[in-house]
Ligand code: NAP
């Protein structure tokens, strides 16, 4: 399949990295972009959809909580109505609930694992059958640098992102023979709302440690997603996009 014929679904695409990925696929000339976001009062998803439509690409918002298995299965039917098969699935939605481990409560653990890991199960489970029918598909999962380096205060988050890397490799092996590649991207320190929560002193110390001497941008990550979507011989890999911060 060529990109111009592909329908792409990006989860958590109202802002940040997800929005940049959705726009990058639109600029690359895909057929349809489905923009997922949590149902809320904000019209973040509408802004992404409008920006994509202004590029002359079909776009629709599909609002649901990707950590909810039943809601994901129902949303898959809606996606089918808008776009037919989802050919490229980008599991981007993610959250943090940081705390030192001794103070981390069960809710912070469960919520982060549900949104960051179970969502990848939910969406892959819902959209893989269509890819299998077409014998073509791309699944791109967002892991993180901290899956590999660890990070104090992020036991829940780093565990969820390490599990995403393991899930990616297993799915890659299961479906490599069916025209479906499954890869992960492990961003380093990227300039989005997620990293704006970091206290100033820790933030400045972190940037000073990055070998390329700057934070990454959401577009740096979007470039990697597009590259993986175009590649048919790369599967089961974790592509590090971190300016050399962790090698
Ligand atoms: P962000 O700016 O916080 O945006 C996250 C997006 O996910 C938002 O649109 C959010 O919706 C959506 N979302 C959250 N929970 C959801 C749910 N249950 N269902 C559907 N959508 C949901 O984060 P980001 O920095 O762009 O990060 C994107 C991905 O990259 C995440 O998986 C993150 O873990 C990963 N990552 C980021 C960095 C970084 O430095 N920024 C580094 C490594 C990995 P709302 O607007 O409604 O909250």
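Using N, Cα and C of the backbone, Cβ positions are placed for all residues, glycine too.
Neighbour list (residue 157 (active site, proton acceptor), Cβ cut-off 8 Å, at least 6 residues apart, same chain): 96, 97, 98, 112, 116, 144, 146, 151. Classification of residue 157 (active site, proton acceptor) by DSSP places it within a helix. The feature active site, proton acceptor is assigned by TrEMBL to 157.
Here TrEMBL flags 12, 13, 14, 15, 92, 157, 158, 159, 160, 161, 190 as NADP(+) binding site. Reduced to three states, the DSSP call for residue 92 (NADP(+) binding site) is coil.
The feature domain 'Ketoreductase' is assigned by TrEMBL to 6-188.
The Cβ of residue 14 (NADP(+) binding site) lies under 8 Å from the Cβ of 35, 37, 38, 42, 44, 45, 47, 48, each on the same chain and at least six residues away in sequence. Just so you know, the Cβ of residue 158 (NADP(+) binding site) picks up 21 other Cβ atoms within 10 Å once every protein chain is counted.
Within the same chain, the residues at least 6 positions away from residue 92 (NADP(+) binding site) whose Cβ sits under 8 Å from its Cβ are 10, 11, 12, 13, 17, 18, 21, 142, listed in sequence order.
Proximity to ligand 1 at the level of Cβ atoms, with a cut-off under 6 angstroms, picks out 12, 92 from the recorded positions 12, 92, 157, 158, 160.
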